[in-house]
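Novice: Summarising the annotation, Swiss-Prot assigns active site, proton donor to ASP232 and lists sequence analysis as the type of evidence. The feature substrate binding site is assigned by Swiss-Prot to THR174, ARG324, TRP326, with similarity to another entry given as support. Taken from Swiss-Prot, the feature signal peptide covers 1-26. Here Swiss-Prot flags GLN231 as site 'Transition state stabilizer'.
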Amino acid sequence: MQSTTLYLKTAAFLGGCSLFAATALAATSTATRPQLSNADARAYTIASYMASFGTIGSLTTDNWDPTGGVGAVSGFRANYAVAADGSAQYKTVQAAIDAAVADGGVARKYISVKAGTYNELVCVPESAPPITLYSLDANANNTVIVYNNANPTPASGAKTNPCMGTSSNATVGTVRSATAMVRASNFNARNLTFKNSYVEGTFADNNQSAVALAVRGDKAILENVSVIGNQDTLYLGATNNTMVIRAYFKNSFIQGDTDFIFGAGTAVFHGCTIQYTAARLGARATSYVFAPSTAPDNPHGFLAINSTFNATGNASNNSTHLGRAWDQGVSGTSAYINGSSPNGQVVIRDSSLGAHIRLADPWGPSTAGRPYCSSKCAYSANRFFEYNNTGAGSGN
């Protein structure tokens with residue numbers, strides 16, 4: 001991509017969503033920080049990311065539009081009610097989900113969750129009808145689903161997410177560590193926090209991943225939710241890597257410190273706060289926000305739009321990468337196959353980037369060791385782009 005400097009004045013409609021009018025001096029497109037042109041940016045919208053699903057190579061287009069969000073909870077009528085204090089029909093979230101699955105049908109089931117802390121593992125199985133899980137309390141921090149599990153947790157005697165079944169592995173593993181997992185399609189959530197409370201270092205291992213939420217079913221909408229962890233906080237990907245699933249996060253909060261939004265799924269983060277925390281790794285640590293493992297034939301991985309990237313825990317300026325490619329299943333560069341191995345895809349546009357973001361090189365080498373490269377590359381060119389971003393970390 002040639003180096004260009006553009007003056008932008010836009011008031012665009014992307015996927016039916018009105019963006020704020022802005023006047024901005026666009027960052028110069030460089031080999032290490034490629035910027036989309038005005039023309040190219042038209043291909044990377046909410047509508048384009050959410051348009052298709054199914055088998056990679058033969059995707060089905062249904063032009064799904066999730067931008068209306070979950071809806072106002074005041075208009076919901078709960079089919080099932082949960083309260084940790086015992087004041088409702090069910091004391092656990094999982095018990096209510098199990099009841100909804102047992103009742104079956106195709107109509108959407110509404111599960112209200114009273115403000116409180118729910119220390120449990122949650123599974124929404126593939127067999128579940130459409131479910132809306134919500135709290136009437138608009139502060140997502142007041143209704144928390146939390147569990148303590150991690151990749152290195154010894155499997156013997158430990159509970160793992162019930163969506164995953166049994167395993168002969170010695171440790172729980174990354175995906176099995178999820179506090180909440182959604183395998184059904186058409187899942188909605190609002191006003192909730194999903195958290196993994198694992199304290200890194202409790203069990204020795206180089207991989208300290210601990211998932212708070214795993215979305216594995218298609219057409220998930222999550223609005224005003226918080227997803228909190230450290231390494232590998234939010235996982236997005238189908239149970240079969242030949243399939244594409246879609247998730248839409250609206251006005252939500254995601255926090256972590258290493259590869260904390262990862263997977264092969266297609267997801268949009270619209271009006272979200274994506275927060276890097278330096279509390280565990282230290283102020284000067286170098287880390288990564290996104291770690292997509294997008295299939296090479298899938299043009300859409302992760303899109304962050306109208307969002308805010310900030311930091312907490314005294315993170316140093318110019319310390320955090322926006323992301324790196326997760327070359328899932330690839331042990332090293334000698335095993336990487338161009339056009340066949342995963343090649344993560346991310347676009348960050350119309351967003352505010354904090355001073356913690358690295359200016360000259362916001363995209364790091366892949367997990368298999370591929371050096372970041374945007375053109376004329378020995379390996380597949382990275383698919384990471386920006387457009388019309390602002391803030392100290394944007395390069396503007």
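Cβ from N, Cα, C; glycine included.
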Novice: Which three-state DSSP class does GLN231 (site 'Transition state stabilizer') fall into?
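Specialist: In the DSSP reduction, GLN231 (site 'Transition state stabilizer') maps to strand.
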Novice: Count the other Cβ atoms sitting within 10 Å of the Cβ of the residue listed as 'active site, proton donor', across every protein chain shown.
Specialist: 30
Novice: Considering the recorded positions THR174, GLN231, which residue's Cβ sits among the greatest number of other Cβ atoms within 10 Å?
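Specialist: Compared across THR174, GLN231, the most Cβ atoms within 10 Å surround GLN231.
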Novice: Measuring Cα to Cα, how many angstrom lie between THR174 (substrate binding site) and ASP232 (active site, proton donor)?
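Specialist: Each residue's Cα considered, THR174 (substrate binding site) and ASP232 (active site, proton donor) end up 8 Å apart.
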Novice: Have a look around ARG324 (substrate binding site) and count the other CB atoms within 10 A of its CB, chains all included.
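Specialist: By my count, 25.
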Novice: Using the alpha carbons only, what distance in Å do you get between the residue listed as 'active site, proton donor' and TRP326 (substrate binding site) once rounded?
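Specialist: The residue listed as 'active site, proton donor' and TRP326 (substrate binding site) have their Cα atoms 11 Å apart.
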Novice: Near TRP326 (substrate binding site), which residues of its own chain have a C-beta under 8 A away, given they sit six or more steps off in sequence?
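Specialist: For TRP326 (substrate binding site), the qualifying residues are ASP259, PHE262, GLY263, ALA291, PRO292, SER293, PRO342, GLY344, SER366, THR367.
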